[in-house]
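Peer 1: Structure in C-alpha cells, see below.
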Amino acid sequence: MNDVASRHRLRSVATTLAVALTLTLAAAAGCDNRRDPPLPSVLDKLRESHVDGQAKIRIGVATTEPLMGELRNGVHVGFDVEIARYIASYLGFAGDQRIEWVSLATEDRIPALQGGVVDLVVSSFSMTEDREKLVSFAGPYFVTTQEVMVPARLKDRIRTIEDLRRPEYRICTSGGSTTEAELAKHDVKAYVVKEVGDCVKGIRAGRYDAVSSDETILAGFLSQYPKDFEIVDMPFGTSELLGIGVPIGDPALRDLVAFALQKSYLQGRNGISSPWLTAYNRTLGPWLKADKSQPQPLDVPKLVDFDDKAPTR
Amino acid sequence: MSAAVTEEARPAGPVPAVRDPAERKARASQSFWTAVVGVPAIFSVLRLGVEAGGELQTTLLLVANVGTVNLLAGFLTTAARLLSTGLVATFALGAVLRVSVDRMPPTVRRPLFARWVDVTPAWFAVASFLLALVTWQLLYLPLLVPAFVAAFQLTPARLHEQRVPRVLLLVGLLGGYAWLLAPTLADAVDQREWLALLLLSAPPLLALAITGPLPGAVVRPLASVTEAAVLATLVWAALPVISTPVLPLTVTTVESAPGVTEDIRGHVVTTDDVSMVLLQERGGVRYVPTGQVRAQVLCPSEEELPRHRLRIHDFHVEDSLLEGLGRRVRPVHRIDAACRAVR
C-alpha cells in the first residue's frame, strides 16, 4: 500500500516536472521567435557598405580587352562586364541605367579604388599579396594562367621560355600587370606598354614578336584575329586568381561581393545554370582550350538572406 | 481511483450547485465560440488601422478597398500559427487541469480551461492540432508531441498492456525520431544552437511523463498562472500579427517625366484605369497615374529573414510543413534587385 502511494507521488512529481519543463520550453520558443536574427543579413551588410543609397554604382572595367572587357558600339561587353552586372544587380543596382562604367587602364585599377573613383573593379584583376595591402579582393571568380601569343609566322620558332630570352625576339606586355613581374622572374626582357591591345597592334605592325599575358586576355585577341595568331602553352608555373577589387576601407562591400560569388558558385555546383556559367558561355567559353568552371570564392562570410529557406537539393 | 472511473464519473458527478450545470455548460460553450469567432474578426479590423499607419482617412481607404473575404483570408494566412498555438495551449492545459481536478473534492471550482475542454467537441481539438501540425515552424513542432499527449491523456500504457512490448515500442518510436533528426541535432551542436537542440530533442521525452494528474497543491496556482500566461502570450504574440501587412509588399517603378524614374516601396491598395493607389511602406498614400507605371516587383519584408541555419532533411527549421512543401513545388526563390535598392 505504502509502495503504491509512493509510486503515485513519484508519478505526480514527474508529471509536474514534465508540465513545468514543457511550459518553460514553450516560453523559450516564444522568446526565440521574437529575437533578432543572430547572424548579419545581406541587408545589414548593404547598409554598412558605402554604396548604400547611391543612385548608381561605379564599376571600373577594361574597354580594350576583347572577351573580358570591351566597349563595342557604345555597349560594355565581356566576361568581366557580365560578372560586374551580376554583382551590381545582387547589390540592388540592376540594369545599365544604375551602373556607371568607368574605363580603367591596367595600371589605374589600384589608384582608382584608392581614390574613390570607383566602387568596384572587375577587370582581370589578379589577387596578389602585394595588392592585398592596398585594396581588398573578393573572389577568385576565375583561375587563369600566363600564356604567350605569337603571330602565325613565328608559331614554330617560339615554343619555350628559353626562346623568349633570345635577343632577336621582342616580347611585349602591359605595365602594372603580374605578367611583367613573372617575365622578369624568368629573365625575359620585355617591352612594357600601357595595354595588351597595344602589344597586339605592335605585333601586327611588326614592332614586337610576341605578347605575354593572361590566357583570358590573349584568348580575347585571338578571337579578334583567329588566323593571325596562336597561343603557345608555356610552363610559367603560377596560376593567377582573378578577383573583384574593392576599396580596402569597405569590408562590408567585400563580404557582399564574396557572398554573391558564392551564391553563383553554389548554384553552378548544384547543376543549375549560374550567372557565372551564363557569362562564361557567352564570352570566354568558346575560345579557351579547356573548359573551366567557377572556382570557390575565399573568405565568404556567413550571412542570412531571404532565399535561405529555399531547398538546396 | 482509476482514470476510467474518473472519466465516467465526471459528467454525472455532483458539480457545485451554484447554477444549473447545463446552463453553465451552455455559457462556457458560448464564451468559447465567441472567442474563436470574435477574436479573428476584431483583429482583422484592428490591423487595418495599424496598416494604415493610424490615419483615419487611410484606414477608410483600406476598408473601402480590402474585401471581407480578402481580409479574413489574409488574416488566416498570417495568424493561423498564433490561432492554433492558442487553441493547442488551451486544450493541453485544460486536459491536464481537468484530470487533476477530477481527483479533488467536488467543491473545488473547475478551472476555466478545464471547463472549456469539457464543452469542446473532440473533433475541434483534433482539428486545432492538425492546423498546428501544418502551420507551426518545424523547430517548434516537437512541442506538439507533449501537447497532444497531454490533451488526450495518452499514457504510455495505451501502447500495450504488457511492459516489455510497451518499452520496445517506445524505444522504437524514440529511435525513429532520433534517426530522423540526428543530422540536424549534430548541426545544432556545431552551430552552438543550444535552444534549438533542446527544442528538437527534449519534447518527446517530456511527453512520456506529462500524462496523469498533478498534485492538488500545484493545480490551483498552475490554473491561474497559466490562464494569465496564455492570455498574456496571446496578446504579446498578437502584436506582430496585428502589424503584419494585409497587402503584399512591392516596389513600383514610376516614370513621372521622360527619363526620370522613381522607385516607390509600398503596398498596392487598388488599381484602376486612372491611377494606382500605393500605400507607401514608410507611410502616406500615393496616387500614381497608371500610364506612368513602368515596372513592379514583389519584395519580401525584413521579418521574413531566417534566424537559424538548421535544416531537417533539407526542410528549413523555420518553415512550417506547408511552407516546406510549397518550396518543393517552386524551389527557386528570386529576390529582385529593386527590393534591395529601395528602402
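Cβ coordinates come from backbone N, Cα and C, glycine included.
Annotation source TrEMBL lists region 'Disordered' at B:1-22. Sequence annotations record features per position, and here TrEMBL assigns transmembrane segment to B:32-50, B:82-101, B:121-152, B:164-182, B:194-216, B:228-247.
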Peer 1: Go through the chain and flag residues at least 6 beyond the ends of the transmembrane segment (B:228-247) whose CB is under 8 A from any CB in it; none is fine as an answer.
Peer 2: 43, 46-48, 50-51, 62, 66, 70-71, 74-75, 78-79, 82, 85-86, 89-90, 93, 113, 267-269, 279, 301, 303
Peer 1: Can you work out which residues elsewhere in the same chain, 6+ from the ends of the transmembrane segment (B:32-50), have a Cβ less than 8 Å from its Cβ atoms?
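Peer 2: Distant contacts of the transmembrane segment (B:32-50): 59, 62-63, 66, 71-72, 74-76, 79, 83, 87, 116, 119-120, 238, 241-244, 246.
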Peer 1: What else in the chain is close to the transmembrane segment (B:121-152), if you only count residues 6 or more beyond its ends and a Cβ gap under 8 Å?
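Peer 2: The answer is 80-81, 83-85, 87-89, 91-96, 196, 199-204, 206-207, 210-211, 308, 310, 312, 315-322, 324.
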